[in-house]
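Below is one structure; the comments refer to it alone.
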Amino acid sequence: MRTYRPSWRGGLLAALALASALSPHPASASWPPSPDADMADPANWPNDPGYAFTDDHDGQWNYYSFLPPAAPGVVRRADEVASGMSIDRAWRVSIGDPRVVIAVTDSGIFWEKPDLLDKAYLNRRELLTHKPFQTGGSPCGGDGDLAGFDCNGDGVFSVSDYATSMPLPASDRNANGVLDAGDLILAFSDGIDDDGNGYIDDISGWDFMKNDNDPYDDTRYGHGTGEAEDSSSQAHNGIGLAGACPRCMFLPLRVGDSFIGDVQAFGEAVVYATDSGAKVVQCALGTLNMTRFAQAALDYAYENKVLVITSMADENSRHHNMPAANNHTLPVHAIQYDGASARTSRSFVDFHPCSNYGGQNLLSASGTSCSSEATGQLSGIAGLLYSAALQYNTVPQLSPGEAQSIFFFTTDDIDVPESREPGSIYRFSQAGFDQRFGYGRVNASRALEAIRDGRIPPSVDIVSPRWFEVLYKDRASGPIQIRGTISAPRANAYDYVVEWASGVQPLEEDFQKHVLDHRENLDPTFIAGSAEPLALLDVRNVTVSHPRDVDSPFGENDHTITVRVRATAHYGGAVGDVQGEMRRTYYVHSDPDLARGFPVWLGDSLEASPKMADLDGDGVRELVVPTGGGAIHVLTLTKAGPVPFPGFPFQTTPIDGLTAPPASETPSHITAPGYASGKVDPNLAREGFMNAPAIADLDDDGRIEIVATTFAGTIYVLEADGSVRQGFPRRLPHIPSCPRGVDLPPPTGPCMDEDQRITRGAFASPVLVDLDRDGRLDIVQAAFDGKVHVFDADAAPLPGFPVEIRIDPENNPTKRSRILTTPAVADFNGDGVMDLVLGSNERLGTSGQFGGITVVDGRGTKAPEGPILAGWPVSLSSFELFPLVAEGIPNSPAIARFEGKLAAVAHGNVSLPFVVPTEPGGQTSLGAPPANALPARPDPSDPDKTIRGLEPSSIFGPLTRASQPNTMLPLFSSPSVGDLDQDGVPDVVASGGSLSLTQALQGGGTGAGEHLLAVWSGKTGAMLPGSPFLLEDFTFFNNHAIADLDGDDYPEVITGSGGYFLHAYDACGREPAGFPKFTGQWIASTAAVGDLDGDGTLEVAAGTRSGFLHVWHTRGRTDGVIAWESYHHDNRNTGNLETRLAQGTLLKAKAPLTALACEEARLPRPLEASGGCDCRAAGHGREGGRAAGLFFAGLALVLARRRPARS
């Protein structure tokens, strides 16, 4: 089993369990501890063998309210008194309450885990006709709702109540050796919705990925099980570790097969959790999209007093993880100790490099397993908080806003003075809030004591503007409304103040200079903001001025302001005053190049890359934009701004589970309370798009069609008027989970399990190409079932397809893997039929750190020699860094002709790009360059010898601004090709990280690391003069547009990242005036380039994951160099540089751009007659010389620290 959380835990815990069995436990008869127990005394510890520290084992240091002994010679920081979050002291108040349910939204559950067997929530209303019974068939006891269910008399309804009525082994339906909730599901699923909640037989949670009633983790990934263990593991039972809330129950809700997936499934799970009575939703996810439906689900949870705790993500990056960076979530990240172990550490508040940071980073939680563990631990602590509220009869029920503020004002502030000294080994921190640590380390004990003592703060909520909106001074016509609510129903009265200050982490005194509104002595029944804005902010009067923070070396936060709403509840007496607050990060900016009316917020995230096409034949292109929420927008630019094209936007069908009538193989839940009440509109839940559409005249009738495929696996073909073409939509085949029950029949077709990690769906864009040479374009769709499907223009499958992609069937005979890559097309065998070049998620080699690209004959299985061309596949190094999006080869290949030879360009994650001709030649080992790799270049150590392939990525161009020595590592994105230096041969473009990035992580501390964009000469194999170029963050999923944006005949590489900027670098490393473009948000799409207003100059369009669509005017011309106009090169997504574009040319400059020419171009040129300087900006300002870079948790450590279930 692959692990993404540390593998050391399994062997270690087994050893500890054995030791526990052979030696006496500390005295612990009094556990749970008494209110005045000394929690540093082992007599008051739970007897779980992993809890206690020893000389060789850290124990659950992150729970401790004390400092475990230091190793000889280690001097602890003087102002630290606890290693962890004081969960142990919180247990003196409460160890949880089984009425408090924590909904774990993740990869599903291992039912058999010993520490979770009795913790899975059972829906007794679905089991009214399947009650457990005592020996002899007599009914069980129990009071109230538990009547007839509590067979063992422990006051909790759980699996163990069935021990008598379901004896083993006969009742072990899932054949794992224990009686668990999975056995109950298999035994008692009768097809009846007994409780009428809209979910048939939801006995213990739900699988929203497969839309069935068994949330079992069928691929055995383990992340969800690890999350459940963090928050809810049983304690004091002599095994494993203690969960933060040992008596809380967990509700398993599967939303994907890993921590990466579709946010629509998460939204469904949130609605279900809320309707099921959960108090806490635990979400350690990084979803691929964000939608209005998911936000509606979060709003529904918030309104129903459900706290949603989310992960900041794990890349030591500023990019805005979804769904965390949205309203009504509580984001958290991880901190750790600073040494090799707890005993050897000086500090226990060190920033975890496997965590993100930013203005939305509200809390720090202790743990060694990234933000995922932080999410689980905080969820467990929240369970304790809600349990204490029940214990102390807190009425009305505790609200999420109150819970959040309790955590904020009871934290251990992380203020390390040494972090502000030059050369510090610690990340910057300060008194109060900062972007690396939020409000501080969670203190569970103080949080529960606040409940006990009645110190409940006001609830403060901000909903508009949303997180990270850019507020344009030059576009504002009046003040902006700050919307939200404030309430303090328990107090005698309350006050509030709304303030702003410059920067992402202003000091207290900075806010006091900019008060927007201040109200005092408000009646506790009054909800501020319910009828009018909380305040007005006139950005026209805002001047952003603050020192550049150390974590924003490229000016990422130069335009940043923070708006804070702080309220004070007046209780009087012993309680006194209690504060609550919330904040938002915004940007104040101006950009004269933005087209009128932009940016436009489209409501859903924009991971899918835009395209430009003339849909109405008027000679001017429209802008086509799919969204993560299932819309396809088509916009026409006018002088007044963008207007919708007639017939658009188009909406896909609702997702499985929310269709009416339901899809044939899945049930519908539209009668569930959240939907039936109208609180959450199921019509918002549409199948979303994650990648670019294809646009062309499919059937040669002179009219253009739009082809787009949803993540859920539905292919749409739209006519230019927005109508759906006859025969479509076309769904890809359904892939269920493989049957697990001992009495169930074998599968009748492909299914999903640990070996066959396949499902219905697609990430790849559709490709349009005429494979059968009938004069009409066919639709090529690579899919998550591991196959390449091809349909003709009438939706009929093309003979010879689908073709299953098996890179190494001999060594992986049972493995089936998904395909993420969009195929590139060219005639590789010279038979006149286009062939398909693509990669697979299949992992090669014993370590799984290789992948492969292959070429499918355009005739598919009808090809006489078989569907795979001779000489293929070719293997490449490719580290398995994340599930789904970073395993095998997820990077889509490109095609171009190099010195007359047709070749594919491909790379894996952390591998040098290969330029592979149609006949690759052999490889000496996995990942070695093919014998015929291009270009062929002289061996610098022996001119008589020839080396094949690009130069090593450690050899930089002479004019690069990147630090050296270093190595550029292509990562997460896909290559593009284009003639950057205008020497007549295409160049290879790839983006990613660097060796310094991983080294910085592995070494800890605050060392430099860089995100890089590189270009290699297709002629010499060397990097171009200015390469690699500096970026602010990772480039996920995109490739790179290439076009001349300033009219100097030398094209720029146009790319965005998670660091807010859209860059445009030429071969020298220069950017046109006005670039880079600031968006304030994560850009995951590929920019599109074309003339949208008919003036002969180019516009650039790009969307953000926050849902904002930008269009900028440029000085580039439609007859200039345009090599790669949008995702995968062209509107048909061929990925082939030889596919002719309807605009631009590939070669125009009079002379190649050499290093000498770059140097000369840096000098100011004479003023032109029209005024101004004919010179170019050298890139935006980078204070302090070479960029310090951003810091990334070393890729190997990310892999290791993503923790699976405890073994």
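Including glycine, each Cβ sits where the backbone N, Cα and C put it.
Automatic, uncurated: that is what TrEMBL annotation is.
Per TrEMBL, the stretch carrying the note region 'Disordered' among 208-230, 921-943 is 921-943. Ranges compared are 27-51, 152-176, 1102-1126, and TrEMBL records region 'Disordered' for 27-51. Cα separation, Asp106 (active site, charge relay system) to Ser372 (active site, charge relay system), rounded: 11 Å.
Cα to Cα, His223 (active site, charge relay system) and Ser372 (active site, charge relay system) are separated by 9 Å.
For the region 'Disordered' (921-943), the number of residues in each DSSP class (helix H, G, I; strand E, B; coil) is 0 helix, 7 strand, 16 coil. Cβ neighbour counts within 10 Å, taken over all protein chains shown, single out Asp106 as the most crowded of the active-site residues Asp106, His223, Ser372. For the compositional bias 'Low complexity' (27-43), the number of residues in each DSSP class (helix H, G, I; strand E, B; coil) is 2 helix, 0 strand, 15 coil.
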